[in-house]
């Protein structure tokens, strides 16, 4: 049976007990019917193939791998072989094994390119998957290359309101967001949301995903009011369709933590980051790259709260993952930068500079020369050199930060304001 929650109230006699009023619902409920139909479409196929998809959906990766290897041994057609390689790619991707994921996706793509027409949507889906892995690895130009290949096919072969086209636009937006091109990212997010609002039921998870993308972009642009509004929209949907503790909430809690950290509401930020970590620990392998991000975020909040000892503990946990598994090197660069900030505030300037330089090396290799994240680390290094009275070096780095900020940020953006203030302060010392 399926029930709809009507009301949840705390019992007056015992604060630890809650009373939940439920009403039974059935297929005549249009909201439930719409969501059920979409889920049926997402878990398609027959027999063991459908079982494999369900295993991946619920995170039973070991069982899924065993099943797909058995199916691969018995596969008799090229289309079956391509499909199984694809599913093995999906499985490895969700476990954070990005190199393995690409290997299986490329095997599937090679077979599909021989049996499908050049404009087949299934071929575009393969390009999308490969683009997604490259995006998570921080290889943004490669990601954009594959996403645009997919988008070109989708625009030719699908109706203008097809959900796959919406996902394609959303993926391109994600890459532009990672590249620091926030206006372009918002443009593609808008295209995606417009389609999803037409083609999907109002409680579909992909709608929540769109709102999370907007929130992430607004957070980077420091428009925290817009970010919180988008996060609330995402959370409202997720509460209706997922149980408490579902992994879907992890991204929402992570973004809420980032926004509240930026608003200097550190207790709230820490609470959200810890909720996110608790969810991921249950759902992911202990060396998954996402856990490295969670530890680094928690460490940074402890730094901001002045608890440097705990900050160092969590940053080291992050590095134990990020330095030992294949992951996006930019995530490791962020941890190095956070460690640099921690040691700078502890007045251990030599160690701080070592970590800044490690982070800077990665960011300069992986990001465009005018990426806003480069300006952040240039500014941090400038502050370090200013404190140690090396004013010429301080001026060199703050000038780079200001130049990027003037090109990429609005004139009132808080980061650019800070860069200019630091520039003025250093100028007085020269």
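From the backbone N, Cα and C atoms, a Cβ is placed for every residue, glycine too.
Nobody curates TrEMBL annotations by hand; they come from automatic prediction.
Here's what TrEMBL has on this protein:
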REPEAT    45-78  repeat 'TPR'
REPEAT    82-115  repeat 'TPR'
REPEAT    124-157  repeat 'TPR'
REPEAT    166-199  repeat 'TPR'
REPEAT    250-283  repeat 'TPR'
REPEAT    292-325  repeat 'TPR'
REPEAT    333-366  repeat 'TPR'
REPEAT    375-408  repeat 'TPR'
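Averaged across the repeat 'TPR' (45-78), pLDDT for the predicted model comes to 70.
Across the candidate stretches 124-157, 250-283, 333-366, the maximum count of CB pairs under 8 A to the repeat 'TPR' (166-199) is reached by 124-157. Across the repeat 'TPR' (292-325), DSSP classifies residues as 28 helix, 0 strand, 6 coil.
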